Number of protein chains: 2
Amino acid sequence: MLTRDDCARLDAQDELSALRDEFALPDGVIYLDGNSLGALPKGAVATLSKAVEQEWGQGLIRSWGEAEWFSLPERLGDRLGRLIGAAPGQVVVCDGTSINIYKALRAAMEMRPDRKVLVSELGSFPTDLYMLEGALIGADGYSTRLLGRDDDDIANLLDDQVAAVLLSNVDYRSGRLLDMERITRQAHEAGALVIWDLCHSAGVIPLELDAIGADFAVGCSYKYLNGGPGAPAYIYVAERHHDSARQPLSGWWGHAAPFAFESSFRPTAGIRRFLVGTQSILGLKGVEAAMDLFEGVDMQAIRRKSRNLCDSFIQLVEQHPDCRALRLASPREAEERGSQVAFDFAGGYAVVRAMIEQGVIGDFREPGIMRFGLAPYYLRFTDLFDAVEVMADCLRREVWMDPKYATRETVT
Amino acid sequence: MLTRDDCARLDAQDELSALRDEFALPDGVIYLDGNSLGALPKGAVATLSKAVEQEWGQGLIRSWGEAEWFSLPERLGDRLGRLIGAAPGQVVVCDGTSINIYKALRAAMEMRPDRKVLVSELGSFPTDLYMLEGALIGADGYSTRLLGRDDDDIANLLDDQVAAVLLSNVDYRSGRLLDMERITRQAHEAGALVIWDLCHSAGVIPLELDAIGADFAVGCSYKYLNGGPGAPAYIYVAERHHDSARQPLSGWWGHAAPFAFESSFRPTAGIRRFLVGTQSILGLKGVEAAMDLFEGVDMQAIRRKSRNLCDSFIQLVEQHPDCRALRLASPREAEERGSQVAFDFAGGYAVVRAMIEQGVIGDFREPGIMRFGLAPYYLRFTDLFDAVEVMADCLRREVWMDPKYATRETVT
């Protein structure tokens with residue numbers, strides 16, 4: 001049995017406990033939804049207020065140079081790159097994840113013109129599959145193969161017809177972790193390129209894109225990276241592909257001479273060719289504050305705490321007599337799991353809503369997945385203990401019988 | 001001769017003079033660059049601070065519903081729509097101008113599948129032409145015709161092969177205004193669709209998209225709309241096209257049931273099908289503050305003042321003995337001009353830089369265009385008088401002989 005005293009002891013031993021002070025967290029809330037929207041770094045308040053009042057208000061157009069707005073996408077990309085194992089010059093922060101998926105897919109298709117199959121996963125976060133559909137509009141002769149529908153082993157889906165593989169390394173519902181190194185190697189052996197969607201792993205799992213020989217990667221910065229609501233996404237392109245990779249959203253920010261106003265497109269050298277046009281500076285400033293916060297943070301320590309949090313949470317739920325109806329929907333082994341824990345329960349929707357009402361914010365995915373994203377920067381083990389008490393209370397009260405909690409809302 | 005006293009009299013009669021108080025303008029600066037980055041509305045400080053500290057910090061994930069983040073793109077679109085003559089339900093604020101151009105181009109190409117020619121203008125802001133190139137990657141058999149290269153009369157470029165016409169209604173250098181109503185009609189008579197780029201007109205020129213029967217329009221919100229640096233752009237699609245228009249950046253925000261997590265894309269009804277993925281909320285909040293400022297503002301009064309400002313500025317420059325070397329590069333007739341005035345001068349680069357040093361912020365475009373975007377919300381006629389005195393001083397000093405001003409910087 002894990003007691004509240006045990007949890008307090010774990011908190012006292014927590015090598016990352018000081019990080020919690022860097023966040024502005026609401027009183028009376030236990031936030032188990034860091035995988036939907038990360039919490040507000042205190043530094044973001046000053047960074048954004050400076051960007052608005054000084055850089056925009058006082059600097060006006062001069063801030064493109066003087067406040068270095070123009071280079072922000074790649075400067076932030078380099079800092080974010082450290083968290084995902086990318087050497088400088090291979091990441092830009094820009095646009096949204098879906099748009100960056102499109103760029104990577106179209107670039108990969110053009111780099112493998114004789115191959116007409118794209119591989120992805122049926123259980124992908126849907127926008128990945130939707131963008132795949134979009135990338136294939138007007139592309140004659142292409143087809144897709146989906147892991148989990150056409151086969152359960154990626155190896156069986158790979159052959160000399162496959163141009164590219166698009167996969168999330170962490171399943172957005174179960175938190176199941178894929179072996180990026182193995183899949184990248186298998187895809188390369190088949191002559192295919194790989195596009196990794198890192199939305200649910202960057203910032204909580206040490207990633208090694210360069211070391212595993214990754215081709216492309218994309219992700220958002222508003223989940224575990226704490227960049228702010230809808231913060232700009234990022235795209236990684238391995239340096240060896242920079243000259244051959246071309247993407248069709250060829251706006252002026254990707255031009256070799258953006259201020260020469262030439263009438264034809266000439267892609268710039270390097271990663272900036274994956275930019276399109278002017279970026280939301282306020283959006284990027286949220287990411288900057290997040291990168292300030294990550295400065296010096298040891299990703300291995302983050303991963304250690306993340307695993308301990310998830311293991312403890314599973315134990316706390318499973319040991320509680322009132323939580324017996326819940327079935328673990330995440331891998332039990334920490335090595336196979338990201339920084340989230342899911343439980344399957346028919347009344348899960350109502351339970352999550354009732355928990356939110358009591359200040360424990362989790363998340364729900366149809367049909368019955370109660371999803372808890374455990375962010376190791378600001379969560380304490382005692383928070384988990386208290387959260388499970390609230391969960392148990394909601395289960396005891398059978399909140400799924402109450403229409404107040406059970407009736408679906410369109411937007412949650 | 002227009003004297004400073006005359007200018008002061010014009011300021012005293014200015015029906016829009018109260019609007020200036022709504023902006024936070026730096027001391028000692030005369031800002032003639034409202035067509036590059038609009039000034040900071042005072043209300044944006046509070047709107048953004050609330051978005052950061054309360055909505056993000058305190059509300060966290062709950063703010064998608066409680067702060068109505070999810071509907072922000074179309075709510076802002078409806079408000080922006082009033083300024084461009086679009087009835088509600090036809091505009092969403094999202095992504096960047098270049099990306100929205102791509103969506104409109106690809107949608108238009110698919111709506112006219114038997115036509116393989118796209119028409120644009122050689123003198124377009126280059127990103128429009130670059131996106132056109134991008135949209136044609138992999139599209140077999142297509143070609144382009146450019147106004148100003150293939151012919152100077154749009155009528156001669158239109159025939160039954162033209163799928164779509166992409167044009168800016170205001171030339172970004174000269175400020176020359178196109179006749180949107182006539183060109184839209186001519187294109188429609190030829191069976192083509194029209195995509196209007198409104199970057200340099202929205203917010204200063206009353207536009208009537210619905211009334212002229214426009215098909216598509218795009219634009220940014222960071223120039224005369226004052227939405228903030230790199231603020232999200234917008235896209236207008238006429239309601240009659242909503243069912244047939246399909247764009248390939250088919251992300252989950254454009255899905256009919258975004259939270260049902262279906263594995264296939266089904267576009268939603270209405271304008272939201274032109275959304276892709278999660279938007280930068282902080283970026284959108286800047287646009288919200290701008291829309292608050294425009295609430296109740298009469299676009300006809302804006303246009304009246306804009307014309308008077310531009311006419312006065314031309315007169316002030318042309319009457320000044322030290323400005324004789326400058327040649328007007330904008331139409332002389334106000335009806336043919338947007339809210340900007342350009343002068344051509346070989347030493348223009350140095351003059352603009354020297355003026356900036358003295359607090360008069362204008363803009364330069366190669367090879368010799370000194371460009372002044374006159375925003376009628378915060379500019380006074382006396383500002384123009386004082387600005388021309390500074391310009392005259394720089395010309396008298398022959399600043400183009402001084403490498404300090406004459407040496408080109410990469411980013412300005």
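Every residue, even glycine, has its Cβ placed from backbone N, Cα and C.
TrEMBL entries are annotated by machine, without manual review.
Here's what TrEMBL has on this protein:
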type	residues	note
BINDING	B:T97, B:S98, B:F125, B:P126, B:T127, B:D128, B:D197, B:H200, B:Y222, B:W252, B:T278	pyridoxal 5'-phosphate binding site
MOD_RES	B:K223	N6-(pyridoxal phosphate)lysine
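Shown in sequence order, B:S168, B:Y172, B:D197, B:C199 are the residues of the chain, 6+ apart in sequence, with a C-beta less than 8 angstroms from the C-beta of B:F125 (pyridoxal 5'-phosphate binding site).
Take the Cα of B:K223 (N6-(pyridoxal phosphate)lysine) and measure to each of the binding-site residues B:T97, B:T127, B:T278: the nearest one is B:T97. Annotation for the binding-site residues B:T97, B:T127, B:T278: lowest Cβ count within 10 Å of the residue's own Cβ, B:T278. Long-range neighbours of B:Y222 (pyridoxal 5'-phosphate binding site) (same chain, six or more residues apart, CB within less than 8 Å of its CB): B:L37, B:G38, B:G228, B:P229, B:G230, B:A231.
In three-state terms derived from DSSP, B:D197 (pyridoxal 5'-phosphate binding site) belongs to an extended strand segment. Summarising the pyridoxal 5'-phosphate site geometry, the residues cited as binding it (B:T97, B:S98, B:F125, B:P126, B:T127, B:D128, B:D197, B:H200, B:Y222, B:W252, B:T278) extend over a maximum Cα to Cα distance of 31 Å. In the shown protein chains, 28 other C-beta atoms lie within 10 A of the C-beta of B:D197 (pyridoxal 5'-phosphate binding site).
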